[in-house]
Amino acid sequence: MVKICCLGAGYVGGPTMAIIALKCPAIEVVVVDISSARIAAWNSDQLPIYEPGLDEVVKSCRGKNLFFSSDVEKHVLEADIIFVSVNTPTKTRGLGAGKAADLTYWESAARMIADVSRSDKIVVEKSTVPVKTAEAIEKILTHNTKGINFQILSNPEFLAEGTAIQDLLNPDRVLIGGRETPEGQKAVEALKAVYANWVPEDRIIATNLWSAELSKLAANAVLAQRISSVNAMSALCEATGADVTEVAYAVGKDSRIGPKFLNASVGFGGSCFQKDILNLIYICECNGLVEVANYWKGVIKINDYQKSRFVNRVVSSMFNTVSGKKIAVLGFAFKKDTGDTRETPAIDVCKGLLGDKANISIYDPQVTEDQIQRDLSMNKFDWDHPPHLQPMSPSAIKQVSVVWDAYEATKDAHGVCILTEWDEFKTLDYQKIHDNMQKPAFIFDGRNIVDVEKLRKIGFIVYSIGKPLDSWVKDLPAAA
């Protein structure tokens, strides 16, 4: 019986191992983590992450061939294949601060594997890592003095939160990078055999190690670039009276381009896009490719510009001040169908409004008050470190209240900002919301999900990204 162990019980490790266990009943899969609280949550009825379909998969396999444990060394010792899915946060100090990936957790994982192993192992990079990480890991593992052979593979994940289970069950591709040696290729075949239990062979792509590592960064950078491209267009649409939804639809009909990732919004978020592009920029700079680095910096600049542009629209529309005004924020997660708030645009929008002394009332169906308060009081990149290394009890921001109902959030509000495209926000009773708001009542749709004309008929002043401007907004400055 093949034994798989995964280090790291987060958004990648947990769902990936659950699907492997589901599709490979002959394989024993153990997910380990040093956080006993996180492991306890995986073993409970309330899983630590929300992902549609995950609950059912975990509960059908848990205790049969899927296990969650904090006894890390025992399961590393027993495993044949070890997936490493630990955090690779952006460095906050030292060489490459603000851009380079911090490989501290990866290195300590590799040293621990070298330390406790008594037999040959295949070690699989599952975290998003900089190109050539495998080389560093290899050096740590192969300099063990026990004569044990380790093969390093790169098997990047291409999951989208909110659809992770479907992405795992029916992936576009599974990428496995290995050394071009007989031993390396044997290891590639061993991992291929695991995925072949449910993934068609033509979707399992074998490459060299460096191509696999770079493909993950490249995929995220190109997706983020598409979002920044359409967001840049949204600013031009507002200036010219064009409708970004119509422009994006026309562009997406081109078979060379396709329709995905062309929705204008308040900006992209999530744990990967910005982090991976910063990483890519750093690698380019290290290799003397300044022009290439500057090209990718532009993608992040447009994303930051889009968020600040949104805040400026809110403030300038509301008589150039939101000081002391109640602003309702609908949605805090970085996108619908996930409780994840990492790099969510909502953080920067809320901080921008708080900077002008607004009182903010937030409603999100999946994000807790504790999480929101932490996010708003943490420094940039702190979120990507394990919980025990994050600030213990950040001070609550008193101008922020978190409520569990959209109507409560919007009651007596001067303005409403829609920052996550949750389906329920499309079907709210906006007449009821309007009746209970201060007048004039403003709606700022950062996700283009409301019927603008319908809301204007109710009496709202509406700003929707990239749409023809409300006459109220038309002559106000678009940017500070």
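These residue numbers are counts, starting from 1, taken along the chain as shown.
Using N, Cα and C of the backbone, Cβ positions are placed for all residues, glycine too.
Since we're looking at a predicted model, the values are computed, not measured.
Marked as active site, nucleophile by TrEMBL: Cys272. Under the heading NAD(+) binding site, TrEMBL lists 8-13, Asp33, Arg38, 86-90, 127-128, Glu161, 272-275, Arg342. Under the heading domain 'UDP-glucose/GDP-mannose dehydrogenase C-terminal', TrEMBL lists 328-452.
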Between the residue listed as 'active site, nucleophile' and Thr90 (NAD(+) binding site): CA-CA distance (Å): 11
Spatial neighbours, same chain, of Tyr11 (NAD(+) binding site) - Cβ under 8 Å, 6+ residues apart: Ile49, Glu51, Leu159, Glu161, Ala164, Ser271, Asp340
PLDDT averaged over every residue in the domain 'UDP-glucose/GDP-mannose dehydrogenase C-terminal' (328-452): 91
Rounded inter-Cα distance in Å - Asn87 (NAD(+) binding site), Cys272 (active site, nucleophile): 11
Asn87, Thr90, Gln274 as binding-site residues, winner by CB count within 10 A: Gln274
